[in-house]
Structure formats: structure tokens, C-alpha cells
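Taking it in order: structure first as C-alpha cells, then the write-up.
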Amino acid sequence: MSRQTTSVGSSCLDLWREKNDRLVRQAKVAQNSGLTLRRQQLAQDALEGLRGLLHSLQGLPAAVPVLPLELTVTCNFIILRASLAQGFTEDQAQDIQRSLERVLETQEQQGPRLEQGLRELWDSVLRASCLLPELLSALHRLVGLQAALWLSADRLGDLALLLETLNGSQSGASKDLLLLLKTWSPPAEELDAPLTLQDAQGLKDVLLTAFAYRQGLQELITGNPDKALSSLHEAASGLCPRPVLVQVYTALGSCHRKMGNPQRALLYLVAALKEGSAWGPPLLEASRLYQQLGDTTAELESLELLVEALNVPCSSKAPQFLIEVELLLPPPDLASPLHCGTQSQTKHILASRCLQTGRAGDAAEHYLDLLALLLDSSEPRFSPPPSPPGPCMPEVFLEAAVALIQAGRAQDALTLCEELLSRTSSLLPKMSRLWEDARKGTKELPYCPLWVSATHLLQGQAWVQLGAQKVAISEFSRCLELLFRATPEEKEQGAAFNCEQGCKSDAALQQLRAAALISRGLEWVASGQDTKALQDFLLSVQMCPGNRDTYFHLLQTLKRLDRRDEATALWWRLEAQTKGSHEDALWSLPLYLESYLSWIRPSDRDAFLEEFRTSLPKSCDL
């Protein structure tokens, strides 16, 4: 009777194994199929077959002779399911937990251990595995899948403890996860073992590459390029698919750039470009490298190529029905040097760099292309500036207007400003309520007054370029009126305002007022009305004491009006200011405002100040 039972059991085991092997072959056939729909259908059928087989095996009491096959089927099911879904879920963790419980059932160790977590279950199973050598290969495959799941979930502490237990290390002897992964030595697969989609050694190689890359990239992001190098070299030398190798080489290039090795950086970036069609990250890094080297032409060419590359649809290969390196990498991080953003974000970088480097004509064209790209897709939402990498839509409009004015296209700039006003002026009646919300700390400081005021400022400058002095003065006055009307009289400090944001906004407001007052003052000077100009320059000094240009224009006007004593006193004040530090310098200004301030910064300032110093009485000489 027992022989008959054994024969029946052996026959069932053979049938289950044949079914597993057939389903694995079916999945591999699907993997090599060029037809997407057929590929997906074959893989899905194989997955359902494995699910049914696993259900049959786990419907019986756990038995050591059957467990190697059961664990193999579990691993094949998890691998195929994760690859089809392109990610891990809680279901896979439950599948692993159920398998561990089944192993312990054979050792009569189930009991209260069911209440324990996965890590505790693994400790128990690995301690029991010395009594079950026939399960060793299957358990190592299951370890590989558990490691993949924990790595993708960033549970590195649990993963390190699992590998320590697996390697027989002393608890706490090594927390170097890379070293623990290298030390892990999966047993060789037996020739007559059930077929698997991926063996333990293959999983180890994937884990080693994925973790080395993750660790290197994290060190690079946190500002430790020297530490990142060794991990990235480890990733490059491992089982590294070409798309990942492009990223690894780009990260290595970024490390060497930050460490002051531009030639090595360039070699890695060239290697990255040769590895595949994912040209975005290496081209962006190349633009940073050329900017650091001061090669503006090469920098802008790299950015232009990047814009074109981002316009080409990505031709991603169909994923293998395996646990791949890409499956274990973290989602894109905005702080990562490999994040090149969208085509519009890159177009903005190109346009702004052209503006900053004096290529106004190119900047104007790039900004107009950018606005067409943004406005064509959908109605953009106007909101406060987000975190890097780019400004909000109104600031893009303002930067574009600056580029047009600088390129001598004042009429086009006026048209653009009118478009911006039509989109933002409707918000102005709500400003008093928005400022009140900001004062109470319930909402962020509103940026709309800055945008609308800056628009009138740029319109004024465009009219100056067109020779319409009266209209220009009117626009500068409108800018000032809005600034003084919109600014809250009392701003509570402390909890009501984010300090950094408040300081940046205050600096921008001060500099915007100074720019409008100086611009209007210069028009009064041009029309021979020095007294009115003096009033504006005096007010600009009061409004923005950290702006040296305000002192210079005031000093020039006082000298023209022959108010010698006041001019001398102001000169001494300016000298004292030169030796001090100013808070305004700590806060970056919007690009459109920086560009505008450079227009009203007199080129002969230093020569005039030196001439004025030499004209002072001897007792005033330094």
C-alpha cells in the first residue's frame, strides 16, 4: 500500500514538475516573440498557469520532497509577475512569507512564528536550512527575490541583516551592503533541477549592480563624488544593461567634473553617448562641463542637441521576463544630475543661458519657441515659482520680454507684455486678500504684484527704446504705483512667513522698486529735469540701500546740480558701503530682474567715482 502511495506521489510530482518546466519554456518563448500582443498573451497565460500550479501545491500539507519544486514554482511566479507589472507589490511579500511558513511547517516550527515578521521568519528558516540541504538552491533563489523586494522598497537595514544571517556573519560584523552582496555565494544549480526563469547567481548579479549604482548616485547627489566613484565603477563592471550603463558613465563624468578632472569627465560622457540612444543625461552633463570650462559655444551646442534628443520618442526595449537592474532602481530624483527634465525645461535652460551670455537674438528666438511649446499644449496654470529646475510661466514671459528688448525688438516685447497683463491683471483686485492671508501665514506670499509691476517696468524700457519718453515715464510710474499699493504695510515675522522665501521676496521687491525709480529718474535726466530725477534717486536710496547703482545716479545728479557738500557726504557713504557686506547679496534675484538691473548699471561708474575722488579737497583724500 505504501509503495502504491509513493508511486502515486512520485507520479504527481513528475506531472507538476513537467507543468512547471512547460510554463517556464512558454515564458521564454514569449520573451523572444517579436509580436507584442502575442508576447503579452503567452506571458499572461504562463503566469496564470504558474498561479494554478502553486495553488495546487500549497493546497497539500507541506512535505520536504515536494518543497524544492514548490519553492521553485513560487520563485518563477514572483519573477514573471514582477516583470510583467514592472514592479513589486505587497502580494509578492505575502507569497514569500507563505513559502517560509511552509518550510517551517515541515520542521514542526510553525506555531507562534506566524505572528512574526518576514525578517524573523527568515532567521528561523535559515537556521533550519542546515537540516534541509535539498532546499538550499531554492531558498537562495527566494533570498534573491526577498533582497530585490527590500532593495526596491529601500529597506536596506533588513536586507543587510538577511545577508549577514545567510553568510553566517556575526551580527553587526559588517554593515557594508555592497560587501555583503559580494560575499554571498549561491550554490550551483543541479542539472536535474526544475527549470527556473532566473537562478540565484543571476539575481545576485542584478542586485550587486543595482545597489552599487544606487549607492554611487546617492553619494553623488549628497555631494560626495569621491565616495561615489568606487560604487559607480563597481556598477559599470557588473551585469549592467546598456541603458543603465549610459547613466553610470554619465554619473562618473559628473563625479570627475565636480572633482576638477574635466578631461576624464569628457571621456566618460563620450563613452555614455556611444552606449545607446538615451542621450539626454550625458548631453546635459556635457553642457555643465563646458559651462565650468568657460566654453559657452560648446555648452549651448550641447543644450541644443539635448532639446532635439528630448523631442525624439524613447524607443524602449521590451522588458525581459526577469528581475532586471532597471526594476530595482529608484524613481527619478529631481536633485539627481541625471535628471534632464522635459523638452520645455531644457529649452528654458538654453534660452536663459543665451540671455546670460549676451546672445540676446538667440535667446529671444528660443524664448518664443518655448512659449509656443508651453501655450500650445494646454492653458498653463499660473502659480508661484516651483522648486528648481525652472521658473513659473509669468517669469518665462518676463524673461522672454527682456530678451526681445535686449535684441532690439521693442515692439515684440510690448506685444508679449500685453499678453502677460491680460493673463495676470485679473488677479490684482484680489491682492489685498492674498496679502492678508500671507500675513496670517495661511498662504504663501503672492507673487502676482511682482509679475504685473515687472511687466510695466519692461514696457517702460521698451518705450524708451522706441523713443516714446512720456509713455515710458507713465509705465515706470504705473509700476511704482502697483508696488507701493500691493505691498502690505505690516508683515508679521516668525511663524507667519517662511524666512527664506520672505527674504527673497523682499529683496526682489526692493530691487524692483529701485529699478523703476532709477529708470524713471534717468528719463527725467534725459529730458533735463534734474530736480525730479533727484527725488527719484533719493527715494531709490531709501528703498534699496544695498543697491550701489542708486548711490551712483544720486551722486551724479548732485554733482550736476552743484550740491557739492551733499555729493561729498554721499561719496563717503558709498566708500563705507563698498567695504561692508550687504544682506541683499545673499538672495538670488529672478533672471529677468538681474538682466534689467544690468541695463541701468552705468558702465563708467568706477571711472566717475575715481574722478570724483581726485576732485575732493586734500583733507578728504584717503
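Yeah, the Cβs are placed from backbone N, Cα and C, and that goes for glycine too.
Between S7, S169, the residue that has phosphoserine written against it in Swiss-Prot is S7. Mean predicted confidence for the repeat 'TPR 2' (344-377): the pLDDT average there is 93. Beyond the ends of the repeat 'TPR 1' (246-279), by six or more residues, the same chain brings 213, 216-217, 220, 225-226, 228-229, 232-233, 235-236, 240, 285-286, 288-289, 292-293, 305-306, 309, 312, 314-315, 337-338 to within a C-beta distance below 8 angstroms of the stretch. Touching of the repeat 'TPR 3' (453-486) and the repeat 'TPR 4' (514-547) is concluded from the presence of at least three CB pairs under 8 A, sequence neighbours closer than 6 excluded. DSSP states for the repeat 'TPR 2' (344-377), grouped as helix (H, G, I), strand (E, B) and coil, give 31 helix, 0 strand, 3 coil. Long-range contacts of the repeat 'TPR 4' (514-547) within the same chain, counting only residues at least 6 positions beyond its ends with a Cβ under 8 Å from a Cβ of the stretch, are 453, 457, 460-461, 464, 469, 472-473, 476-477, 479-480, 483, 553-554, 557-558, 560-561, 582-585, 593, 596-597, 600.
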